[in-house]
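According to TrEMBL:
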type: DOMAIN; residues: B:41-242; note: domain 'ABC transmembrane type-1'
type: TRANSMEM; residues: B:45-65; note: transmembrane segment
type: TRANSMEM; residues: B:77-100; note: transmembrane segment
type: TRANSMEM; residues: B:112-131; note: transmembrane segment
type: TRANSMEM; residues: B:182-201; note: transmembrane segment
type: TRANSMEM; residues: B:221-242; note: transmembrane segment
Amino acid sequence: MFSFCADPDALGTFRWFSCYLTNGVHMSFYLSFVKVLVLLAVTAPVALSFGFAGAMAARSHVFPVSWLGKGYIAIVRGVPDIAFFLFFVIALDQGFEWMRHQILCPDWDAPIRQGNDFLVCSNAKLPLGSAPQWVHQTYSFFLAVITFSIVFGAFAANVLYGGMRAVPHAQLETAEAYGMSRRQTFWRVLVPQMWVYALPGLSNLWLVLIKATPLLFLLGIEDIVYWARELGGTKTSRFTDYPHPDWRMWYFLFLLVFYLGFTRVSEIVLEKLMVRLSHGQATTGGEALRKQVTA
Amino acid sequence: MKNCIQTIQDYGLRSIGIGERRLPTSDFTLCEQFTLIGSGMMWNIYFGIMALVTGFLLATALAVGKSSKNRYIRKPAQWFIFLFRGSPLFIQFFFAYFLFLSLKKTNPMFDAFTSAWLGALIVLFLNTAAYSGEIFYGALRSIPKGDVEAADAYGLSGWARFRRVIWPTMLRLAWPAYTNEAIFLFQATTLVFFSAFPAWRQEGDALYYASYFADKTFNPFIPYPILAFYFILFTLFIVWMFGRINTRLNRHLPQAQKKKLRLRLNLAR
C-alpha cells in the first residue's frame, strides 16, 4: 500500500503494522465486514416481510392458512437456530436444483438420490459448473440470505403477531362501527397502531440478528470469522513477508469489540426511534412524554 | 430389531467415548442416526444443566451488584452484563478458545481449558450469568414497594430481608423470563463444537453428529428432523420442570392470583 512497504524486515514497529494491516489479504478481511453489513441490510427487510406475512396468516380466519402461520411461528422456537441454518442451506440448494431438474431435463430417468449422492443433470446444476467464481460466491451468499430470512422471519412473525394482538380491541370495534370492512380495519387501523407495540420486540430481534451474523461462517461464506481465523494463524517467513506468531486471539478480540460497538450504537438509535414513535400514543411511554411537555 | 439393539449398545454412549470407536461410514440406518444423535444430546444436557446451575449463583450476585448504590460494585456488574450480552456467543467461544490456547503455552495448568468440557462450559457459564443477571435485575426493580416496607415493619433488614423477602419475590417475578433463558441456553449449547473447540476423537454433541450424517449422505431431511425431535422433547421437559418450580414459588398466593406459567417464548438472545 505504502511506498516504504517494499522491504518489511527493515521497518520499525509502527510502520510494520501500517504495512501489515493494509496488505492484500487484509483488504479481503475489511471487505468481509461489508458482507456482514450487506447481509443485515438485505435480511432485515426481507425477514420483516416474511414475518408480516406469517403474522397475517396466523390471524387468518381460514383454518389451513392460520395453521400454516402458527406452525411457521412455532417450529423455529423449539429447535436451535443453527440447526435450521445448516438444514436450509442444503435443503434450499437441493430444492432449487430439483425444480430445475424437473423443468430442464424431463427425459432423465436415473434416480436423483443414488446412495449418498444427489445427482441432477448438468444443466440443472446451480450455479452451472462453467460459471465463474463470483457467481458461486454470490449464489452461496444468496442462499445464506434466504436462510437467515426464513429463520428470523419466524421470530418477527411472533413479535408482529403479539403486536397485532396488543392493539386495544376498542379501536377495532370503533373502526367496525364506522362501517369499515375487515380489510380496511386491518390496513387503516390495526397496522398503523401495532408498530409501537411491536417495536420493543423488533429492536430486540435486530440485536439478535446482529449477533447471529457470525453464523455466516457455518454456511460456508468467507466472512469475518473465516478471515480472522485465516489471518490470525501463525505465519512463517517462508510464506509471507509479514511473519507473526498465533494472533487469532487478538483478531477475535477485535471482532468482539466490533460487535459490542455495533450493538451499542443500535441500542442508542432504537431508543431514539422508540421515543419518536411513542409520541401521542396511549402507552406508558407516550404518557411520560406528555408529562415532560406539560411540566 | 436385533441389529438396532446392537447399534444402541455400540453407539449409545459413543459421545462420551464408550463403545465402538469407529463411526459408521456408509449405509446409515435410521437406528444409527437416532442412536448417535441421541448420544450426542448428553453433551447438550451436560452443558445446559451445568451452566444453568453455576450461572444462577453468579446471576443473582450480578443482579444485586447492578442495583447496588455503590458505583464500584455497580459499574463492574454493568460492564460484565454488557460485555456478554452485547457480543455474539459464537465470537465469545472463539476468543475464549484462543485465549486459553495462548495461556496454555505459558502455563500447562491451562491444559484442560482448551477442551470443550471445561473451556466451553466456562464461556456458557459467564454468558448465561450475564443474561439471567439482567433478567433478575429487571425483576429486582419491579418488586412491589409494599413487600419491602412490610419486611422493614417486621424488623427484617440486611441479609435476612434479602433472603426471606427480596430474593424469593425476585425469583417469582423473573421465573417466566428465566424459563425462556434456560431454553435458549440449551439451544446455544449446539454452538460449542461448531466454534473452535475440537470434538476430541469425534466425541461431539447432537448437532455435531447430525451434520456428520448430513455431510456424508448429502441428505439433510433425515438427521436434522431427528435432532429437532430430540430438542423439542427436551424443551418440553424444561417447560414442565420450570412450571413445577413456578407453582412452588407461587404457592403462598391466593388461588385466584396463581398464574400458570404461560409460556410465550420471546427471543432474548
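Backbone N, Cα and C define each Cβ position, glycine as well.
Here the listed stretches are B:45-65, B:77-100, B:182-201, B:221-242, and the one with the most C-beta pairs under 8 angstroms to the transmembrane segment (B:112-131) is B:45-65. With a cut-off of 8 Å between Cβ atoms, the residues of this chain six or more beyond the transmembrane segment (B:221-242) that come close are 30, 33-34, 37-38, 41, 44-45, 175, 178-179, 182-183, 186-187, 206-207, 209-211, 213-214, 261, 263. Among residues of the same chain six or more beyond the transmembrane segment (B:182-201), those with a C-beta under 8 A of the stretch's C-beta atoms are 17, 21, 43-44, 47-48, 51-52, 55, 89-90, 93-94, 97-98, 114-116, 119-120, 124, 127-128, 131, 207-208, 231, 234-235, 238-239, 242, 265, 267-269.
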